[in-house]
């Protein structure tokens with residue numbers, strides 16, 4: 001039996017919703033080589049027929065039934081896509097009818113509402129948070145009074161991508177502070193962070209994984225040496241424990257999970273954009 005399986009994320013909008021849900025589903029299955037493709041803005045019958053042809057062709061190529069994760073809100077488009085012979089996983093269908101019964105109201109099919117511009121206030125909060133994250137990345141700026149959270153970690157432990165995710169998806173003003181050699185030698189919380197204890201969250205990482213990441217950045221250097229990575233991680237973890245700073249290992253944790261843990265631990269209540 002072939003382990004290759006073509007998977008299509010099909011949407012009449014950006015496709016972000018279909019891909020996010022589809023990816024979460026696929027991670028529950030191991031031993032398969034999922035060949036994925038996103039088809040966005042399939043918003044009329046002609047585009048749907050073209051998409052169905054692509055899906056059908058992939059099935060013939062790999063000699064297996066394709067999977068379509070579909071977030072098109074128009075039932076007619078979904079019917080055309082189903083003509084491809086693929087396994088259809090409709091993102092909305094299982095929930096619409098129960099919601100209509102519960103709310104005693106019919107749905108109004110609207111394309112792209114999940115990821116459209118909600119309002120200018122939300123938009124500006126998102127942009128301002130992103131600008132804040134970039135200007136406070138890796139200790140560039142140290143004025144943390146306006147920060148919602150300050151991520152603390154050794155270099156290359158996942159601070160920057162987590163800050164950007166928090167800014168883009170939650171409008172969180174996230175700064176990050178890299179632990180320097182001087183900080184690690186003292187093994188105490190850096191003085192510039194002491195007034196912001198309630199905003200601190202530590203990130204740690206497996207030393208071997210850290211070495212792999214640093215080798216890509218600066219190979220065969222003291223910075224990427226195994227001993228350096230082991231020492232820095234060990235000191236950082238002791239510091240977090242001694243200073244009672246909540247922390248999380250990023251080694252086998254997705255950015256989404258890290259961000260969710262940061263928000264819940266620090267009690268930051270924000271809706272996802």
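Just so it is clear, glycine is given a Cβ too, placed from its N, Cα and C backbone atoms.
Database features (Swiss-Prot):
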BINDING   153, 154, 155, 156, 157, 158, 159, 160  ADP binding site
Additional residues surrounding ADP, by Cβ distance to the 153, 154, 155, 156, 157, 158, 159, 160 centre under 8 Å: 176, 178, 203, 205, 250
Cβ neighbour count (within 10 Å, all chains shown) around residue 155 (ADP binding site): 17
Residues near residue 153 (ADP binding site) in space but at least six apart in sequence (CB under 8 A): 159, 176, 178, 179, 202, 203, 204, 205, 236
Cβ neighbour count (within 10 Å, all chains shown) around residue 156 (ADP binding site): 22
All-chain count of other Cβ atoms within 10 Å of residue 159 (ADP binding site): 26
Neighbour tally for residue 160 (ADP binding site), based on other Cβ positions within 10 Å of its Cβ: 18
Three-state secondary structure, residue 153 (ADP binding site) (per DSSP): strand
Cβ contacts of residue 154 (ADP binding site) (under 8 Å, same chain, 6 or more positions away): 178, 179, 184, 205, 210, 232, 233, 236
Residues that sit under 8 angstroms from residue 157 (ADP binding site) by C-beta distance, when 6+ apart in the chain: 203, 204, 205, 210, 250
Other C-beta atoms that fall within 10 angstroms of the C-beta of residue 158 (ADP binding site): 22
